[in-house]
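Trainee: Next up is a structure, given as structure tokens.
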Amino acid sequence: MWPVGCAWTLPGILHPSPITTGSCRPGGSFPYAQIPMFTLCPPAWRDSRLQWMELMVLQIPLLPMGPHPPSLMSPSPPALVLNFSTCSLPARCSGSAAKSLLFRFLPFLRWMPRYPIKDWLLGDILSGFSVGIMHLPQGIGYWHNSVGPFAVISVMIGSLTESLVPSENFLESVNGSNATVNEELRDAARVELVATITVLTGIFQVALGLLQFGFVVTYLSDPLVRGYTTAASVHVLVSQLKNVFGHNPPSCKLPDTNVGTLVTAIIAMVAILIVKELNHKFAAKLPMPIPIELITIIVSTGISYGVNLNDKFGISVVGNIPSGLKPPVVPNFSYFGQVAGNAFAIAVVGYAICISLGKIFALKHGYKVDSNQELIALGLCNFLGGFFQCFAISCSMSRSLVQESTGGNSQVAGVIASLVILVTILKIGELFRDLPKAILSAIIIVNLKGMFKQFSDLSSLWKSNKVDLLVWIVTFIATLLLNLDIGLAASVAFGLLTVIFRTQLPRYSILGRISDTDVYRDVVEYEMAQEVPGVKIFRSSSTIYFANVELYSEALKKKSGIDVDRLIEKKKKALKKLKKQQKKLEKEKAKRKKVSPSLPQNAEDGPGLSVIELNAGESTAPSEPTLHSLGLPQPTFHTVILDFSPVSFVDTVSIKILKNIFRDFHEIEVDVFIASCSVSVLAQLERGNFFSSAITKHSFFPSVHDAVVHISRERQQASVST
């Protein structure tokens, strides 16, 4: 067995130290005389607590204790062995540790001093202006100006504000008869609610980031995210129909529709679609995409102001747009209890969209995204922005692609885009008071085109993976019917259920050896793989735990080709019958023993012979009855090897069933061995009291081939001795 050492979990530097040898186990010396030794000395510590973990050198599995033939040993010694005798604990705090922590939370401090001005500055400036110009129409269209307006997040917040702060709560009577909505009071109440949601969203994101919970996004699979965003886009589309038809709620009857509003929206959508197609077709020739949304807003605002569309045709306009920055306001904490669930959903969805898009560009440009850092960054933006009455942020695929295509290389482009938005907020926004709302709805609907293209996933998933197709469909329907927050929770729960079901129904196989190799493959899938005579090598495609371990045991017994439980039952009946016969025989012998003293001493037969048989029975120990001696059928194999290479963990239930497997096969005179068991699983087995006098570590081997070689050698030695 190779030595097992302990190492600190923090990264370290390997320093060479003199070559040494020593004892590797009680009663034995290390099998190789010269092994390069290294010392692992962590250069920096986050704190003084010792965080230990078991480390096996080069992940070499354990061999059974005791001497082994050369064929069972690894073909070569490990490349290195770690020596911890010279490591010492550094101080709790150091300058390098503080600097590393600062760079981790403020990464721009690392790259900003090395910023290549000549190569990147011009591209970042052009990119920043392009993205800032795109922010203006889409930001107004989504009812806010922020760093990352996104339709899905906007509709999640919008649906919540409409349900908690409905317009009916702000009705006021005019002249004692007609009732109108006080939009100023309503909008102020909604802004207060939105700011509270944003602050709470930021708190959730920062907390999850500090707790290193960036991995939660892994539970949002790509089909789930795409199905969710597609359903959210349907919500967005429906929410915009009232502005397209000029009627609330939207009506399909033309007499109830404002024709002027409908015509305005259709003309705007057609113009935007045509120019966007031209942008896509001539993307390589254009220095930057034509800002058709901005052009549409400027032209429509001018026409609306000149023709007075609101008064003449009843076309609804944006109205007064406050300019300037709002002073910071403390959020209304009384809303926290009502919006906590929605805020958590917004935090997770916003982060999932952001990190998914970030990984796309990271893969394309060859860098790595720190998921926890992104979570903290989003959280801080939302937390601080909420005090200034901002909406929760996320990212946009279209504007990210524009930033990349126009030469953006760094966050400097984001700073430029933010300055463009700041100028808009301070001065330019008030110029768009006559902008028709139908134009904003047209911009939003056209930009949902990419989202609706995700319906094409249905055909591709049908061909590739029907489980993912089911996740997509269930997510879409749940989000459509149950709203965005409950729909997300239901979708994640369903996605996790599919994982559980798939682990409950893994693929079980019997492995065979490919001749003249140490490779073992499924005998059904590989014609060259042949079963080892007398050995059944069993493998499951997934780990084993409480939900599937019973199926694992049943599949093993079925694949073995013999009804194990039936054979055990027959053996028990035969043993019971044998015990009755033995008891009957013992009673007869006892009767004969009582009769023997009354007979004459010179008798020529009977008593003397009876005494001799009784003495012989008492002096000979009874042998363990076998299947053969009981007249029962014997299995065609003598050994079962369980390939544990897919097993990543075990629980108490699986440990109990594994014990039963060893016991049941032992009952029918079949040995059980486990191969390719990881160190962590072996430790879990030991903690779960798996080992006993009947099941020892001698039953474990580093590979299937090692187990087969050991079995063959043992059988050869047994045949020679007999």
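Even glycines carry a Cβ here, placed using N, Cα and C.
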Trainee: Suppose you had to name the range TrEMBL annotates as transmembrane segment; which of 56-73, 290-307, 542-559 would you pick?
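Mentor: Among 56-73, 290-307, 542-559, the range TrEMBL annotates as transmembrane segment is 290-307.
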Trainee: Using a threshold of three or more Cβ pairs below 8 Å, and leaving out pairs closer than 6 in sequence, do the transmembrane segment (435-452) and the transmembrane segment (193-220) count as in contact?
Mentor: no
Trainee: Counting Cβ pairs under 8 Å to the transmembrane segment (435-452), which of 343-363, 375-399, 411-428 comes out on top?
Mentor: 375-399
Trainee: Looking only at the domain 'STAS' (525-711), what is the model's average confidence as pLDDT?
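Mentor: Overall, the domain 'STAS' (525-711) comes to a mean pLDDT of 85.
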